[in-house]
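*Asks:* These came from TrEMBL, pasted as-is:
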{"type": "DOMAIN", "residues": "12-128", "note": "domain 'Response regulatory'"}
{"type": "MOD_RES", "residues": "61", "note": "4-aspartylphosphate"}
{"type": "DOMAIN", "residues": "352-484", "note": "domain 'GGDEF'"}
{"type": "COILED", "residues": "411-438", "note": "coiled coil"}
Ligand SMILES: Nc1nc2c(ncn2[C@@H]2O[C@H](COP(=O)(O)OP(=O)(O)OP(=O)(O)O)[C@@H](O)[C@H]2O)c(=O)[nH]1
């Protein structure tokens, strides 16, 4: 195939001579050897013929009216794009001086007139062969440089994505990852704009959490519902593109790339990379090409990010679970103890009060025995909701254990807290728990204690509230008692 291609290639030779007879003779000889020949009769015409199409070789007369052969050669040498075209001077000037000058201005060879046909052909053949070898070497070198550059760029980008992976591992919460991702995109796709959108669990909307580049280009609303998952994992269908794109794809209509970050067919986040740019159309084309060529890196990047998001969300879920009571959703005893300790320290530092209310449902055992454990659970849940609803921003409601609850009320004055406690008991009293079409009435008792009046650490405060609660039970229940 290669030989065949070489066979069909016809070298293009420009012959420049002001004497018609020479032109005719040289052209005839060259055409007879199968070359494509363009004869021209002056230096100026030679320059314009070369600009029309670069020849593979030039046979150039020296003495011509107007622009002589030396000048033609000088001009071609001065231009990067024509410098490598081989020039063979053919001249009647036979002095050594003329020949040296011909080489000095850039000629590759020199043939004296009257020329010998065989000599001309041999020299033409040799210079064409040298020229083509040189050209293919140049192409090879350029290709190697291009490959080297691509490899270097790829290694740099890979190192960047690896650094991103390490930075993601160091993130403690999901919010920390947003900057890591946008920073990576800025470096990976220079000149682009874009935004990172997060898909929350069970949410159909995507929340834009960070952007880079030109805000007006970057911030374009998109919806999680636009991302539909067919059978192929990671594949995505763009409604406007009307086609399935594997991993990520370009939306012609929106003029941007959408890069979904997924795990087990669930959408976790979307990177929207905009290519619109004020400067030139070309830049957008270059960017589009650059992003397409970074396909593997983008996949690597989204896989890192998906893993980081899944880990952080799992960690956050475990953290939330570890401090909450699963039945009521209130904080658990462990979190209560840590919070109360912190609040007492804060109160000591700022010389402010902290009150605690310990609440216990009255006759809960009888309730359980009468209506069953599930009804008891429903009561615990609803009391938990009532407590939560009665909390102000800084209050902390916890399930202390069993049917006991504890409220931590920072900055609460004794008198106000007593009033709040009574209102809360009234709310519990008036609230009827509906369970299996029955309306079940309950009451609760409370013990109240406060820092600094009733203790200066958790044990003392909780002990005082517990004793006050015992007192409330003793005095007939459904009431609040202040510790002594
Ligand atoms: N349904 C249900 N019951 C629970 C739970 N935790 C503890 N209990 C029950 O709560 C009841 C607490 O009973 P007691 O400590 O004797 O007190 P009480 O019956 O509320 O009586 P007083 O506190 O004196 O008014 C027990 O029957 C426990 O089984 C729970 O998570 N769900």
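In case you wondered, yes, glycine gets a Cβ from its N, Cα and C as well.
Please treat TrEMBL annotations as automatic predictions, because they have not gone through curation.
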*Asks:* Are there any residues at least 6 positions away along the chain from the residue listed as '4-aspartylphosphate' with a Cβ closer than 8 Å to its Cβ? List them or say none.
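*Replies:* When sequence neighbours closer than 6 are ignored, the residue listed as '4-aspartylphosphate' has 16, 17, 18, 19, 22, 69, 89, 90, 91 within Cβ distance under 8 Å.
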*Asks:* Mean pLDDT for the domain 'GGDEF' (352-484), rounded to an integer?
*Replies:* 93
*Asks:* Treating G and I as helix alongside H, and B as strand alongside E, what does DSSP give for the domain 'Response regulatory' (12-128) in helix, strand and coil?
*Replies:* 54 helix, 24 strand, 39 coil
*Asks:* Please list, for the domain 'GGDEF' (352-484), how many residues fall into helix, strand and coil according to DSSP.
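*Replies:* Breakdown, helix to coil: 60 helix, 40 strand, 33 coil.
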